[in-house]
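The transmembrane segment annotation in TrEMBL covers 6-23, 30-46, 78-97, 109-132, 144-163, 223-243, 302-319, 325-345, 357-377, 433-451.
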Amino acid sequence: MLFNSFSFLLAFLPVTLLGYFWLARREPAWGIAWLALASLFFYGWWDLRYVPLLLASITANYGCAQAIRAAQGRARHWWLGGAIAANLLLLGYYKYANFFYTSLTGEQSVMLQVVLPIGISFFTFTQIAFLVDTARGFVQEGRFVHYLLFVTYFPHLVAGPVLHHKEMMPQFADPRNAVPRAENFSVGATIFIIGLAKKILLADSLAPYANVLFNAPGEPTLLAAWGGVLAYTFQLYFDFSGYSDMAIGLSRMFGVNLPLNFNSPYKALNIVEFWRRWHMTLSRFLRDYLYIPLGGNRRGKLRAKINLMLTMVLGGLWHGASWNFVVWGTLHGLYLVLAHLWQAARARLGWRGGSRIGCLAAWALTFVAVVFAWVFFRAADLPSALRIVAGMLGQNGVSLPDAIGVRLGGLQATLQQLGVTWSLGGGSQFVETWGWVTLAALVAFLMPNTQQIMHRFAPALDHDGSAAPARLSWLPSQGSALASGLLAVLCLLALARPSEFLYFQF
């Protein structure tokens, strides 16, 4: 079931909301049980075959958590290590076994060609974090139904954010959240509608122009390559930003604040800041449960950089089982290492920076580096990615549609002397591609994000408190209700054929 579908919006969501608050006001445990069952129904809507797998994983991890809590000394470490290994083996079988088998043997295995259970990476990481936190004494959860809801809670189940138990379950335990509040519903609905608009009106509109390039890359020329890559760059941005908003908005309707997972990453001035803004809960997980246990920066500068590279390569593999994701993770690992080296060099030289030109150059370099890496993230395979990169570097020349050339008058001949060639057809596609890219860039770079617009109402657990201009800050009023209503109508009119979120594949 998709957040951007009529079955979800007109049936599942209202029934789940009404059932939860009706039951929770009578007995909080009933409300939690109802919401857990509704979340399992939501998951089973995709593929009922994998509900038993999800339940088996939850039951086994709950049992391991109880054993970890009861164990002492080395026994606790053995239980923790075994439980983490079991989770990784399950994830490895479904997501990576066929990839590694094919890479090593050059052959396909029928036994290993299995359908990837949706959300397996997210619910696996969520449960590993729970196990580690239990071993550290941070979690005391004795009720299975609470743990069931923690893992399956439908706003985050299939594409994040990656949650900590301490972030969510105390909110459900608060009796005040069992009572429906108009503020929670209006704030949550507004955030959800903004996210829905990002997905339907922007991300889905950009998708065809990205697909033209990535589905059949051939040998693209400079502008065709950049147009398609930038279309995907902003498609992914608004798709993931939209999902993150919708998850936060849905949860807020139930009186529960989720952690912030997306905070205008394309406005980052360096790659370190980018990763503090993009998929923030995954970055937190990789830092707390991989980078720091590997030693972090406690064992010298060289070891810190090796740990950082290893963390990013594994983070790339988390996204998918292909060499493309290994390259993508490696690129970001190199970016981060270079960024830390640059920061250290600046500190030694006493360079403070901060000038407008310096900030603009830093932003441009960061953005181009991120865009370049997205090619490997999206391309079907490495040869396709390299052909697109060649086009971006101008190795296939520069070509413009002839329909545009005839409108340039004498400038057409000048451009031709500079090496520009003219192709038949494609004028409307060229204009539409760059038109959508320009619109998306203006929204991403110049508009405040959802958290800034809704800052007066603490929209997420860890929102940064930055505010939008006064004229764009949301307040409950007739004007705000009208604007939200019009945006919702536009989304519903465009909701002819709902499309999956890009992060569902992970």
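Placement of Cβ uses the backbone N, Cα and C atoms for every residue, glycine included.
Annotations in TrEMBL come from automatic prediction, not curation.
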Is the transmembrane segment (30-46) in contact with the transmembrane segment (144-163), using three or more Cβ pairs under 8 angstroms as the rule and ignoring pairs under 6 apart in sequence?
yes
Looking at 109-132, 223-243, 302-319, which one has the highest count of Cβ pairs under 8 angstroms to the transmembrane segment (78-97)?
109-132
Go through the chain and flag residues at least 6 beyond the ends of the transmembrane segment (109-132) whose CB is under 8 A from any CB in it; none is fine as an answer.
43, 46-47, 50, 53-54, 57-58, 61, 64-65, 68, 80, 83-84, 87-88, 90-91, 93-95, 97-98, 101-102, 139, 141, 147, 150-152, 156-160, 162-165, 282, 285, 288-289, 318, 504-506
Quick one: find which recorded stretch in 223-243, 302-319, 433-451 has the most Cβ pairs under 8 Å with the transmembrane segment (357-377).
223-243
